[in-house]
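Student: My questions all concern the structure below.
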C-alpha cells in the first residue's frame, strides 16, 4: 500500500549512443550464437540414434535451460540499447528477477549433475548404464528444477512484497535482487540474510560437487595407460573446467563478497561474464566439439 514507484529505470550498459550500438552488435551476435548453438544441441540429440545416452540427455536439458535463462534479460537489454526506453514496470521487473535468479540457480545444479555424470562415465565405466538409468536421469533433472525454485522462490517473493517509495534507478541491465533491496523504503535485513544464506548454500555447495567430480576424473585419467587417451580426456576436461571456473568465479565474486551492495559498473561487467560469455561458450565447449556430435551432424548433412 505504500508503494509509489510504478516502474524502475535501468541505466543499462553504456551512457553514450555509439557505445550502445557497439554493445548491441556484440550482445546480438552473442545471443544469436547462444540460440543457434543450443537449438542445434537440442535438435541433434533428439534426432540422432548415436546420442541417446544419459550424457546427451543432460546436455539437451542444459541447452534448453541456457535458452530460457538468457531469454529472461537479453531481448529486453538489446531493445533498451536501440531505443531511449530504459524503464521496466514493477511486475516486469519482479518477474525478470524471479526467473533470472531461479534459472541461474538451476544452471549451477545442472553443472553439478553433469559433472557427476562424467565422473560415473569415466571412473566407473562398466557400471555407467546401470547407475545412470532413465529413471535416475529424470529424477536428477527434476531435482535441479525443483531445488532451484524452492530455494530462490521464498526470498524473491518476499522482495516482491516490499514497498518502493523512490528512488527507482538501478545501475544495471537487468533487475537484480540486491539492487531492489537497496531501493526499498523499509528494513530489508532479514531478506538480505536469507538471500545471502541461500546463495552461500547453492554456490559453494554445487562448486564442491563439481570440483570433487572433476578431481576424481583427473586422477582416473592420470592412470590411463594410453598417452593419446590422456591427452584427449584432458583436452575435454580442461575446456569444461575453464568455463566452470569463469562462471563460478564471477558468480561468487558478484554475490558472495563482503560488500553486498551493488550498483557498480564492475558488477555489470561480472554479470556479463557469467550470464552472456559462458552461455555463448557452453554449447560449443560441452557439446558441439564432441566427436559423436560431429559425427551425427555429418550424417545429417
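Including glycine, each Cβ sits where the backbone N, Cα and C put it.
Heads up, here are the entries from TrEMBL:
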| type | residues | note |
| --- | --- | --- |
| DOMAIN | 37-286 | domain 'G-protein coupled receptors family 1 profile' |
| TRANSMEM | 21-46 | transmembrane segment |
| TRANSMEM | 58-82 | transmembrane segment |
| TRANSMEM | 94-116 | transmembrane segment |
| TRANSMEM | 136-153 | transmembrane segment |
| TRANSMEM | 194-222 | transmembrane segment |
| TRANSMEM | 234-256 | transmembrane segment |
| TRANSMEM | 268-288 | transmembrane segment |
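Are these features on the surface or tucked inside, and what touches them?
Tutor: Outside the transmembrane segment (21-46), and at least 6 residues removed from its termini, the chain residues within Cβ reach (under 8 Å) are 13-14, 56-57, 59-60, 63-64, 66-67, 70, 74-75, 77-78, 81-82, 276-277, 279-280, 282-284, 287-288, 293, 296-297, 300.
Residues 55, 58-59, 61-62, 65-66, 68-69, 72-73, 76, 88, 140-141, 143-145, 147-149, 151-153, 156-157, 159-160, 174-177, 180, 202-203, 206-207, 209-210, 213-214, 240, 244, 247, 251, 275, 286 of the same chain, all 6+ positions outside the transmembrane segment (94-116), place their C-beta atoms under 8 angstroms from a C-beta of that stretch.
For the transmembrane segment (234-256), the residues of the chain that approach it from at least six positions outside its boundaries are 104, 107-108, 111, 115, 118, 178, 196, 199-200, 203-204, 207, 210, 214, 217-218, 221, 262, 267, 270-271, 273-274, 277-278, 281-282, 285-286, 289, judged by C-beta separation under 8 angstroms.
Residues 13, 27, 30, 33-34, 37-38, 40-41, 45, 56, 59, 62-63, 66, 69-70, 73-74, 104, 114, 171-174, 176, 239-240, 242-243, 246-247, 250-251, 253-254, 294, 297 of the same chain, all 6+ positions outside the transmembrane segment (268-288), place their C-beta atoms under 8 angstroms from a C-beta of that stretch.
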Student: For the transmembrane segment (136-153), give me same-chain residues lying six or more residues beyond its boundaries with a C-beta closer than 8 angstroms to one of its C-beta atoms, as numbers and ranges.
Tutor: 54, 57-58, 61, 98, 101-103, 105-106, 108-110, 113, 116, 198, 201-202
